[in-house]
Amino acid sequence: MAETNHSKRISELRSLLNKANHAYYILDSPLIEDAVFDRLYRELIELEKQYPSLVTPDSPSQRLGNKPATKFESIKHRIPLQSLDNAFNFDELNYWHSRMQKHLKSHSAMVCELKIDGNALALSYVNGVLTRGATRGDGAEGEEITANVKTIVSIPLSLHLQNPPAWVEIRGEAFIPNKVFISLNKERLKEEKQLFANPRNACSGTLRQLDSRIVASRHLDFFAYTIHLPDDWIPGETDPKKPKGQWEALLWLKAAGFRVNPNAKLISQPDQVEKFCIDWEKRRHQLPYTTDGIVIKIDDFKLQKTLGITQKAPRWAIALKYPAEEAPTQLNKLIFQTGRTGTVTPVAEFNPIPLGGTLVSKATLHNANRLSELDIHEGDTIVIRKAGEIIPEVIRVIKELRPNNAKKLVLPEKCPECNSKLLKETGEAATKCLNNDCPAILRGVLRHWVSKGAMNIDGFGTKLVEQLVKRKIIKSIAGIYELKEKNLENLERMGTKSAEKLLIEINNSKKQPWHKQLYGLGILHIGEANAKAIAEVFPSISLLADAAIASPESISNIYGIGSEITESLHKWFNCSINQNLIKELKDLGIALERVNEEGAIDNILMQEKLQFSGKTFVITGTMPSLSRANLEELIEREGGKVNSSVSSKTNYLVAGEKPGNKLKKAKELGIKVINEQELMTLISN
């Protein structure tokens, strides 16, 4: 009886949350408040944990996978995904249209759609439920990425139809919105990782992530544009009728719960097609996503069938491609910049050129490998492309215009800032300065610590950082908290009042959350998202340091944290300079651990947010990396209670080496026995 009641409640929650998602992401008309959604979603999760047999594939809880995939399976497309023929000007477009008219012998309406610069996906729905998502691949075969597809909230997990087809395939374009792309690259820039060249590459790389949590964090979007319905499908009373053309197909997709690009247009006159294309080429930079052309399709499905397909493309459609955003300019000079992790990056400076509605005068070459590939010389004429209409990049050199006796430009052997010898590790693209006293590295470290994503110290700008480093007033981030008015008053743009205000901001920054403090330390490969994930599992820097030094694998159990990050943490915490920095920061009042609003260690978090609430643990034996005190702290901060003896009320026995009689008693009572690593996995999950 209880399960029946819970089944009804789960069904109600599932239906309401799916409707709320559709209203928020597709209709842009929120149905319920975020806080209400969160509470209902949490209730659904808890009920599904209690009754796993009641979980359905279309439950909102299924958007995020339980564990990363090990690899993607290659699958054969039921219907091949063909590419489109391209037209690069209106003469070619008109030639295509005149050929169509000859075959059709009568005028036909056309549908014009914006060509989204993303990645094509094929989505299979069986009896209305999403069962498979796949990449285009070579058109005949793609990769099955269903777990990643489910994280895209604009893709419904079930069709909004009364009588869904036994099988239907939906096709469309996954893409990264421009704001998300810019934010993602800013994060990578802070971590000194190679930037994504454009949103399409970022989307492609995201879809191929084995961990769906990473995919979810990048907020991909999706526009549907094609359906493959079975001939025998009969719509329900409230369902849209079976479409007879592309325009009706878009309406069908919208009714079935998909996001359809709102700028598509049904056009009856050929001259209107050209007008549509010209209009959108001018307006495309105003869109929140990138487009690289216009797709024109004959509307009528019967006429499409008459026209047929070639070996690689349908005859009834064509893509008019926008001209590339490229321009030549002369290289003025190549400068080399040392970043906060010591990486030296070549940056091309050139005569300003207009691209994508902005003036561009610089382009980063990322690393020595790219510099070598381009073979840049002094005074070269270089071609700049605003890749993805956002990031300027040098794409080639016009060698025919190279000045006589021009000198080849190469990465320097010494740091441009401190003159220390540069080193390049085997297999790495980056060349680095390893001098801990390098002023450029210190400036970068300070800017990172005071940034909005870290300690958020308002008024601590770049000019101030430069002055403090140049005058040797500060030698580490700890020095920020030792500043006095007398250190600041005589600096540029700094009077007594400004100094007082800044010192208040510095003191207030000590209250920043633990995950922001961790991010601010600037550990290689630790971005904002990774710092937050790590801080949720390790509530203090002492616990994190113990694990990083003695048991890095316990950190790799956290979703999204791979060997690159664990190695970086291991190296950072083993460095005596960093160990001294931690001590200095703690002495100066930065807790480097999770605290509540009153400044106490946060043991009073809401119980429903702590996964060990109501659970009792007993610890026995010697652990491989963490002390008993560390383990107790971890368990208690997750809401659990630690007892000294095993009883029938014990939920878990955490056993290390030489566990003694407690292990025997736990087995007799049927109590779950776990080791240290399994405890860390429980916490990370």
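From the backbone N, Cα and C atoms, a Cβ is placed for every residue, glycine too.
Values in this document were obtained by computation on a predicted structure and should not be read as measured data.
Annotated in Swiss-Prot:
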BINDING   D34, A35, V36, F37, D38, S83, L84, E113, R136, E173, K297, K321  NAD(+) binding site
ACT_SITE  K115  active site, N6-AMP-lysine intermediate
BINDING   C415, C418, C433, C438  Zn(2+) binding site
DOMAIN    607-685  domain 'BRCT'
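Averaged over the domain 'BRCT' (607-685), the predicted model reaches a pLDDT of 81. Applying an 8 A CB threshold to same-chain residues 6+ apart, the list for K297 (NAD(+) binding site) reads M110, V111, E113, Q246, Q304, W316, A317. Nearest in space to the residue listed as 'active site, N6-AMP-lysine intermediate', taking C-alpha to C-alpha distance over the binding-site residues L84, R136, C415, C433, C438, is L84. Other Cβ atoms within 10 Å of the Cβ of C415 (Zn(2+) binding site), summed over all protein chains shown, number 23. Each of the recorded positions K115, R136 was scored by the other Cβ atoms within 10 Å of its Cβ; the lowest score goes to R136. Compared over the binding-site residues L84, C418, C433, C438, the count of CB atoms lying within 10 A of a residue's CB peaks at C433. Under DSSP, C415 (Zn(2+) binding site) is assigned to coil, being neither helix nor strand in the three-state scheme. Taking CA atoms as the reference points, L84 (NAD(+) binding site) and C415 (Zn(2+) binding site) are 49 Å apart. Distance between Cα atoms for C418 (Zn(2+) binding site) and R136 (NAD(+) binding site): 50 Å, as a whole number.
Take the mean position of the Cβ atoms of C415, C418, C433, C438, the recorded Zn(2+) site; other residues of that chain with a Cβ within 8 Å of it are T338, G342, K414, P416, E417, N419, S420, L422, L434, N435, P439, A440, I441.
For the pair C438 (Zn(2+) binding site) and R136 (NAD(+) binding site), the Cα-Cα distance reads 48 Å. Mapped onto DSSP classes, the domain 'BRCT' (607-685) shows 30 helix, 17 strand, 32 coil.
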